[in-house]
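Colleague: Before we start, here is the structure in question, set down as structure tokens.
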């Protein structure tokens, strides 16, 4: 049985870097993995392959849009740790519908029977869920993962994505596996959000410069660790996420917070910060100093 994952989150939050490292972690656990980039920028799999692979749209144009002339090897490229990679691509800037391209990519891969060849398929999807086309991967996913940080905007976007998961779960066996906190030294705002909208937190990745550098180098953290073993501890974050997913967690159908309520909840966190209450011992220590 194929495990299908869909990774969403605010634009620029680090979804692609996170996705590539999760895909690699799953491959390190012995799984055959396909990662599908669903973004017109077509850079989802750059960290796995080290270059911008041709997109399905590029290939269709070369074949004059004759779908029957396309073979799996025309659109699937081998990445690090044996992870297979596909990029949907998109229409020219300012023209056409990127969401439609995502839907067509899924359709083509199903016609090629590509979905049957893998233990895990991971969709890395553009930013927020802005239309039905970009929500299409949720129709095929077992779990949605939301990448966020400890900030207002990313959690506001996460809430909208949670609403899409809830809507799709009405007609599909879809669950939210949980949040992944990325590039954050704190999690207090994340904790405040999940108090209002209960959902699991799979992992919190601290602000580690090497994660950003890996993106620029076009390498996963696992590949960088081969020449710098001190980075092994970073890989353990992604292996932990992979192990949780392979255990087939129960997940949740989230109840998103209404926009205005969430706006008030999150903004209040900044405008009215809670001052931690000091214990008597702490007060005495302060007086002695």
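Note: Cβ is positioned from N, Cα and C throughout, glycine not excepted.
Swiss-Prot lists 12, 13, 14, 15, 16, 17, 41, 182, 183 with the feature ATP binding site, giving sequence analysis as the kind of evidence. Residues or ranges marked as Mg(2+) binding site in Swiss-Prot (evidence: sequence analysis): 16. Look at Swiss-Prot and you will find 97, 131 tagged as [4Fe-4S] cluster binding site, backed by sequence analysis.
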Colleague: Go through 41, 183, our binding-site residues, and report the one whose Cβ sees the most other Cβ atoms within 10 Å.
Modeller: 183
Colleague: So for residue 14 (ATP binding site), how many other CB atoms are inside 10 Å of its CB?
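Modeller: There are 21 such Cβ atoms around residue 14 (ATP binding site).
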Colleague: Name the residue among the binding-site residues 12, 16, 97 whose Cβ has the smallest number of other Cβ atoms within 10 Å.
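Modeller: Output over binding-site residues 12, 16, 97: least Cβ neighbours within 10 Å is 12.
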Colleague: Fill in the CA-CA distance, residue 16 (ATP binding site) to residue 97 ([4Fe-4S] cluster binding site), as an integer in Å.
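Modeller: Residue 16 (ATP binding site) to residue 97 ([4Fe-4S] cluster binding site), Cα-Cα distance: 21 Å.
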Colleague: Please report the Cα separation of residue 183 (ATP binding site) and residue 97 ([4Fe-4S] cluster binding site) in Å, rounded to an integer.
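Modeller: Checking the Cα atoms of residue 183 (ATP binding site) and residue 97 ([4Fe-4S] cluster binding site) gives a distance of 31 Å.
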Colleague: Max Cα-Cα distance in Å among 12, 13, 14, 15, 16, 17, 41, 182, 183, the residues listed as binding ATP?
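Modeller: Across 12, 13, 14, 15, 16, 17, 41, 182, 183, the two farthest Cα atoms sit 22 Å apart.
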Colleague: Taking just the CA atoms, what is the gap between residue 41 (ATP binding site) and residue 97 ([4Fe-4S] cluster binding site) in Å?
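Modeller: So the Cα of residue 97 ([4Fe-4S] cluster binding site) lies 13 Å away from that of residue 41 (ATP binding site).
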